[in-house]
Amino acid sequence: MEEKPKKLVILYATQTGNAMDAAERLGREAERRGCPVTLCSMDEFNANSLPQEDTVIFVVSTTGQGDTPDSMKDFWRFLLQKNLTKHWLEGVHYAVFGLGDSGYQKYNFVAKKLDKRLSDLGAAAIVERGLGDDQHPSGYEGALDPWMSSLWRALHQVNPKFFPKGPDFVIPESKLIDQPKLQITYYETDMVDSQLYTATDLKSIQMQIERARSMLPGKFSHDKSKPDCFLKMVKNQPLTRAGCGRDVRHFEFEFVSSAIKYEVGDVLEVLPGQNPAAVAAFIQRCNLDPESLITVHPRVMESAESNAPNVPIKLKTFVELTMDIASASPRRYFFEVMSFFATAQHEKERLQYFTSPEGRDDLYQYNQKERRTVLEVLEDFPSVQMPFEWLVQLVPQLKTRAFSISSSLSAHPNEVHLTVNVVSWTTPFKRKRTGLCSMWLAKLDPQQSTGLYIPAWFHKGLLPPPPPSLPLILVGPGTGCAPFRGFVEERTIQDVSGRAAPILLFFGCRNEENDFLYKDFWLSHAPENGVLSEQRGGGFYVAFSRDQPQKVYVQHKMREHSERIWDLVLEGASIYVAGSSTKMPSDVMAAFEDIISQEAGVSKEAAGLLLRRLERDGRYHVEAWS
């Protein structure tokens, strides 16, 4: 009896969903060529079983400053074990595709180090690793398409059984769009206790959020369905001058459910509310009944433990809490499925063109570059009527938004504060766009929204809380100063019970008059006895980039005070850097290299090695965001 060919294993590690999307596309394209596939997230795969696999494709994104996605951390730690020999993966074939952004210093760092480690453990690469770049005119797909073509040919050479009819034989997509992965069950209203879906008390709202989000298809790493707590906004204060071109807000929230014991440096995630008019327009456009009671579950149960949720939820509530219909852009596969359901010939042809290799760049310009929303795309193709099952599967999930906490719980019991840049921009075709969560928060009026409860989750960030005896060098331009406001508040309280170590803080903004965030707060801690005072070995220095003909940034101010920085480093200070993730972290790192080289009288290479050592010793921390 002929042995059944092993399945092609595709493992992905995603932070925002792009790597999962790319992995799913690889899986679909393999199945179209007759190749059986097993697709799963790295945190759901037993790394110990890797040597038993024949061929594994890895799709991984790089986050932050060259960091692995959360769902890859355990897998990567396992691969780094010293007891794994160079023969451990002998006989295993692999390929790696990375997703990154060449605007960052550690471009596709995770894919590169994974590729090297797999090779070091004895696995054989089928093709050279592929590196997707957000900066490419077509995004990561600009590299994925040609890489896939090479992959299928190489796979066929390694094991012809993967493609029984050859790598060029392709089943038409329309034959594969058979059934969505999800099933929706509708319930009669009189069969369900109305309290389950109409109550508006806190416990009921929490249960509705948990119920809706636990029905979501797939899952991101440690995505918690149940909020840690609920918050009520008590202050919404602009920090920038009106009309200056930037809008940064200081928000204060009180706990309305159980208070969470957070620490400085922690991160708060908020589930944003969606525009009710947009939700109503989506429901109307898709011919849905907002009052329907539904449950959503996988069409094929993965295991006996995967119990289908049996408590229904209102369709409208499900859309509001889980489906990002008026902010996120749909993925490529959304357009493929739309083409299947388009009844107008010209719409079907345009959608088919968008999903063809020739139309890839035009789709990127129409969709991602313009940040078209699901609702806008559906309105552009009125003949398309997609079943709700497909919409739930393909509409991007409504994600929580993460912010660095800008308060100390010791200074503000029962409160948490955020410093938020209200995001707005203009697309290439001059369309105004705004950030879903930041704009939603900015529009909340604490006086008018007393009954509005904001679902929130707390978790550790990349900035560990420092002990009071540790001297600090903080670099936080723009909203990067947010966590350091909490650091200064905390240390001021610690200073009361015993003299705390000094803080040296570098802040940067455009103009003193327009966007000097928390000016009075910083200056109140800089006099003689303050934790930011020069007399105590600390200091507070501001770079106003546009208040003089030549640009001045935080790194320039750092070089001006190089001796003080070096003295604190010698005293055992820890360095914390927070803010924009594009050029700032690498520019600041370069400034530290220059300072160490100059003050210690060593080469740039030696200074760089010292900084690496500080990173390894937990004395150099970076939290950056795009």
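Each residue, glycine too, has its Cβ placed from N, Cα and C.
Taken from TrEMBL, the feature domain 'Flavodoxin-like' covers 8-152.
In sequence order, Q15, P69, V110 constitute the residues six or more apart from T63 (FMN binding site) in its chain with CB-CB distances below 8 Å. Residues or ranges marked as FMN binding site in TrEMBL: T14, Q15, T16, G17, N18, A19, S61, T62, T63, G64, D134.
Residues belonging to the domain 'FAD-binding FR-type' (226-466) score a mean pLDDT of 92 in the model. The domain 'FAD-binding FR-type' annotation in TrEMBL covers 226-466.
According to TrEMBL, the FAD binding site annotation covers R371, R401, A402, F403, S404, G435, L436, C437, S438, W625.
Of all Cβ atoms in the shown protein chains, 27 besides its own fall within 10 Å of the Cβ of V554 (NADP(+) binding site). The NADP(+) binding site annotation in TrEMBL covers T479, S545, R546, K551, V552, Y553, V554, Q555, D587.
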Practice task
Could you measure between S404 (FAD binding site) and N18 (FMN binding site) for me? Cα positions, answer in whole angstrom.
Solution key: 23
Exercise for the section: Quick one: give me the count of other CB atoms within 10 A of the CB of D134 (FMN binding site). Expected result: 17
Exercise for the section: Just report the maximum Cα pair distance in Å for the recorded FAD binders R371, R401, A402, F403, S404, G435, L436, C437, S438, W625, no decimals. Expected result: 25
Exercise for the section: Give the number of CB atoms, excluding that of R371 (FAD binding site) itself, located within 10 Å of its CB. Expected result: 14
Problem - Where the record names T479, S545, R546, K551, V552, Y553, V554, Q555, D587 as binding NADP(+), the maximum Cα to Cα distance in Å - result: 19
Handout entry: By Cα-Cα distance, the member of binding-site residues R371, L436, S438, T479, V552 nearest N18 (FMN binding site)
Key = R371
Handout entry: Of A402, L436 (the binding-site residues), the residue whose Cβ has the fewest other Cβ atoms within 10 Å
Key = A402
